[in-house]
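Features as listed in TrEMBL:
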DOMAIN    21-459  domain 'Major facilitator superfamily (MFS) profile'
TRANSMEM  21-44  transmembrane segment
TRANSMEM  87-105  transmembrane segment
TRANSMEM  117-140  transmembrane segment
TRANSMEM  146-166  transmembrane segment
TRANSMEM  178-197  transmembrane segment
TRANSMEM  284-303  transmembrane segment
TRANSMEM  315-336  transmembrane segment
TRANSMEM  348-367  transmembrane segment
TRANSMEM  373-394  transmembrane segment
TRANSMEM  406-425  transmembrane segment
TRANSMEM  437-454  transmembrane segment
Amino acid sequence: MDLEEAYQVVGEFGRHQKRMITILVLLQIYMACQTMLIILVGAVPEYHIEPVTGDLDDDITQRVKFTEDISSIVTEWYLIKHEAYKVNLAGSLFFAGVLIGNVLFGPLSDKIGRKPVFLTGLFFEVLFGYGTALAPSYVVFAVSRLLVGMMNGGMALVCFVLTQEYVGKSYWAMTGTLTNMTFAVGIALFAALGYYVQPWRNLATAANCPGLLLFLFCVTLPESPRWLYSRGQTEKAEDILKDFAVRNGKGRIPVKLRRTVSTCSPDASSPGVFQLITHPILRWRTVVLMYVWYSCSLVYYGLTLIASEDKGNRYLSVAMYGLVELPAYPLCMYFINKQWAGRRKSMANFLTFAGVSCLLTMFVPVSGTLISATSLALLGKLMVSAAFNIAYVYTSELYPTVIRNAGLGVCSMSCRVGGILAPFVPSMKSLHTSMPFMVFCLSGISAGCLGLLLPETLNKPAAETLDELSSPTYQRILQPQSP
């Protein structure tokens, strides 16, 4: 039997897989806390600086008076005036680390396995997370954020892949959507945690503790049977699938996987990132997907920065930026599983609608009415959140198992480039007030149009090897059916 037939026999989403997916999904809350940490621990309170007098020297730490009772790295290390850039630098270092982690961990997990790379990344993220809470100086704090970002970026990528590869392909969309939805909930929960635990060191410690507990649960997870099969370790894959059957309550079921040309030799060389460029099918897919991920990130983070310019309760604001994404996920679940919509059309339409929402902000009042620039910007964020979620699921299905993590890593790398550039877009208001929204509009619509060039994967088998991807039979399966 092939791999998908084996999953149908042992259970595509049995109770054992549900337990494993629950652990991986809960890990998203921890990752959300680490990602959003700088927003609260780097909060800048109101302050004033007393003028230099005979009793005071020119030392700013002696003259500054913070008028808000806030504990943050700003108040501890006086990161104001010419030192204020260090707060944004710490945030940039985290995302720079995420980018590095995406590039390094994806191909590595394709070569040596999902589980060892995943557990190593999670262990060191927790370790460096405590380093953040205990940092004696800003330099140590900044370096710890870079290291946490590296571990977070790589580990999160492998975590997402495992949520797909532990279950049958028909459940990939559900597990992928559930993963992203839990991340959004994690943002809101982090805001609540920050409200009750306000000293920044205590907050960093509290936000890091769930990672230690979840690491202990993750140690019990098995290697991905899909990865084992793609690497020619068929017997080990069969053993894990048999264990799935027993734990799912189906008893001891004989599982005999079909040997393929590419998986017969465990010593065969593993495809790497270079295959994404040299393989004729993967090359075009990778170019399109990299631009889609870049645009999703640029529009998502750019709209968040513009929407966050409104003054108010910072804890409520952080929570809202998470909760506003939640309606996107039921929409994804509905559309991507409909034959008339599928992955391709749904992603393209959500991106296009995000771009159109940004376009319409130029023709309505900024605020004060039901249909305002603020409400349309939030609508655009909801739309691009939906597109982002589909991009994760869709990308997983477009890459064969042997190179799936490498493909996701490269796409995620382009995503981080969009995130790095996003803060600069709002400053384009100095050229014209509508310029930032025009950039988001063009990015969303162009990415939506390019996405239509990709093949549909709904109800189509996932390729396990590069040979299978290139086979004429598989290419015919991916062709759209005639009405």
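Placement of Cβ uses the backbone N, Cα and C atoms for every residue, glycine included.
Under 8 Å from some Cβ of the transmembrane segment (117-140) lie the Cβ atoms of residues 27, 34, 37, 73, 77, 79, 86, 90, 101, 105, 108-109, 147-148, 151-152, 154-155, 158-159, 162, 201-202, 204-205, 207-208, 211-212, 214-215, 218-219, all in the same chain and six or more residues away from its ends. Counting Cβ pairs closer than 8 Å to the transmembrane segment (21-44), the top stretch among 87-105, 146-166, 315-336, 348-367, 406-425 is 146-166. Remark: the transmembrane segment (146-166) makes no contact with the transmembrane segment (348-367), by the rule of 3 or more CB pairs under 8 A.
Against the transmembrane segment (373-394), stretch 348-367 has more CB pairs under 8 A than any other of 87-105, 178-197, 315-336, 348-367, 437-454. Under the criterion of 3 or more C-beta pairs below 8 Å, with sequence separation of 6 or more, the transmembrane segment (348-367) and the transmembrane segment (87-105) do not qualify as touching, having fewer than 3 such pairs. Each of 87-105, 178-197, 284-303, 315-336 was scored by its Cβ pairs under 8 Å to the transmembrane segment (437-454), and the highest score goes to 284-303. Of the ranges 87-105, 178-197, 284-303, 406-425, the one with the most Cβ pairs under 8 Å to the transmembrane segment (315-336) is 178-197. Residues of the same chain lying 6 or more positions beyond the ends of the transmembrane segment (178-197) and with a Cβ under 8 Å from any Cβ of it are 21, 24-26, 28-33, 35-37, 40, 159-160, 163, 203, 206-207, 315-316, 318-319, 321-323, 325-326, 329, 385, 388-389, 392.
Mean model confidence for the domain 'Major facilitator superfamily (MFS) profile' (21-459) is a pLDDT of 84.
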